[in-house]
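Q: Pulled the feature table from Swiss-Prot, pasting it below:
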type	residues	note
BINDING	LEU116, GLY120, HIS121, LEU122, SER349, PRO350, PHE351	(6S)-5,6,7,8-tetrahydrofolate binding site
SITE	HIS224	site 'Plays an important role in substrate specificity'
MOD_RES	LYS225	N6-(pyridoxal phosphate)lysine
Amino acid sequence: MSYQELDPIVWSAIQQESARQNRTIELIASENFTSQAVRAAQGSVLTNKYAEGYPYKRYYGGTEYVDVVEQVAIDRLKELFGAEYANVQPHSGSQANAAAYMAFLKPGDKILGMSLDAGGHLTHGAKVSFSGKVYESHTYGLNSETETLDYEAIAKQAREVKPQMIVAGASAYSRIIEFDKFRAIADEVGAYLMVDMAHIAGLVAAGLHPNPVGIADVVTSTTHKTLRGPRGGVILSQEKYAKQLNSAIFPGSQGGPLEHIIAGKAIAFGEALQPKFKDYAQQVIKNAQAMAKVFNDTEDIRVVAGGTDNHLFNLDLTKTALNGKQTQELLDTVSITTNKEALPNEQLSPFVTSGIRIGTAAITTRGFDEDDATNVAELIVTAIHHYDDEKVLKQVKREAEALAMTHLFE
């Protein structure tokens, strides 16, 4: 019996999702498109195999082939970032972060990470997250004038808080992060330094953003986003921390690893080691900067921090007629996918927000160049300025879908 016949409901939903992905313009900064090889690995027979433990040190038999796959993933990841140690088993970035905390901290220890409205992630100390419940969390923000990291202010706060760990990295910050300055702050107050490079990992791998490996005590990341791999997480560190980090993943926070996902990671890391991956990463940044220019040239839409050095940026919509939620929903109707985003010192609910986040990793994978990116930004501006004009919005949707369909993904 075919897949379609066996479960027509699920089959139909997947087909519709495939069509949606092809006809829409994906601008959510945390999303990307994997290669067919990565997708094939995730659907392979490796999903049938349980393999608690680590390569060549398993608790189950029959692991000789998954050992090969996982070791390849480890070796490629270490080569990609110049790391002494790598763990490819975390199921997600959040679980990688949880394990990193567990390896270095005790419950109740203090952590200092970026606040949500400044661009940080839930797992960097937000009170609704385990990171803000298990640990005493404190957060730093941005300079109110430049909307960028103020390292002197962070250092002052670190001296006052005296955290056991400082967390650098963000999910919505468009400028270069100077990890060496965070290292100096951590050293001054006797703290561990953890870097979450989930969003910028692909840019780091391509040499287009400073590499935190070798600077931070521990580095975590997702494997999707700018790395274009399957959804999952990784941990990088020094060999001296290998035992405690391995134990924090298994048996500390996970059981059997997802070897079919690890196979996808191995393939994605191999792809990122190829010279053409740097070309891709360079185009990601060029596209983001081209889009940011369009918005900055308007009178009522502003790019937070003035621009971008990476794959994303946030738009301040406070001078328009729409909030973040309304803009996200509006753009959904014209086949452009974004997400609402809190701005520095946000006054609205996180379910509403005053801005949206834009990312170019996914459209660049589909072959969009600066001209295409500029076109997309202009369509967004038109939609926002004519949010109540059905005729204009229908035309924007036609143009967006036509552009998307000229760049089909694999």
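First residue shown is number 1, and so on along the chain.
Cβ coordinates are placed from backbone N, Cα and C, and glycine is handled just like the others.
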Q: State the Cα to Cα distance, in Å, between LEU122 ((6S)-5,6,7,8-tetrahydrofolate binding site) and the residue listed as 'N6-(pyridoxal phosphate)lysine', rounded to an integer.
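A: The Cα atom of LEU122 ((6S)-5,6,7,8-tetrahydrofolate binding site) is 17 Å away from the Cα atom of the residue listed as 'N6-(pyridoxal phosphate)lysine'.
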Q: Measuring Cα to Cα across LEU116, GLY120, HIS121, LEU122, SER349, PRO350, PHE351, which the record gives as the (6S)-5,6,7,8-tetrahydrofolate binders, how far apart are the two most distant ones in Å?
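A: Max Cα-Cα spread across the (6S)-5,6,7,8-tetrahydrofolate binders: 16 Å.
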Q: Highest Cβ count within 10 Å among the binding-site residues LEU116, LEU122: which residue is it?
A: LEU116
Q: Ranked by the number of other Cβ atoms within 10 Å of their own Cβ, which of the binding-site residues GLY120, PRO350 ranks first?
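A: Per the Cβ count, the most surrounded site is GLY120.
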Q: Measuring Cα to Cα, how far is GLY120 ((6S)-5,6,7,8-tetrahydrofolate binding site) from HIS224 (site 'Plays an important role in substrate specificity') in Å?
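A: For GLY120 ((6S)-5,6,7,8-tetrahydrofolate binding site) versus HIS224 (site 'Plays an important role in substrate specificity'), the Cα atoms are 18 Å apart.
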Q: Using the alpha carbons only, what distance in Å do you get between LYS225 (N6-(pyridoxal phosphate)lysine) and LEU116 ((6S)-5,6,7,8-tetrahydrofolate binding site) once rounded?
A: 19
Q: I'd like the number of other C-beta atoms within 10 A of the C-beta of SER349 ((6S)-5,6,7,8-tetrahydrofolate binding site), please.
A: 11
Q: For each of the recorded positions (HIS121, LYS225), count the other CB atoms lying within 10 A of its CB, then report the residue with the highest count.
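A: That would be LYS225, with the highest Cβ count within 10 Å.
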Q: Can you tell me the CA-to-CA distance separating PHE351 ((6S)-5,6,7,8-tetrahydrofolate binding site) and HIS224 (site 'Plays an important role in substrate specificity'), as a whole number of Å?
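A: About 25 Å separate the Cα atoms of these two residues.
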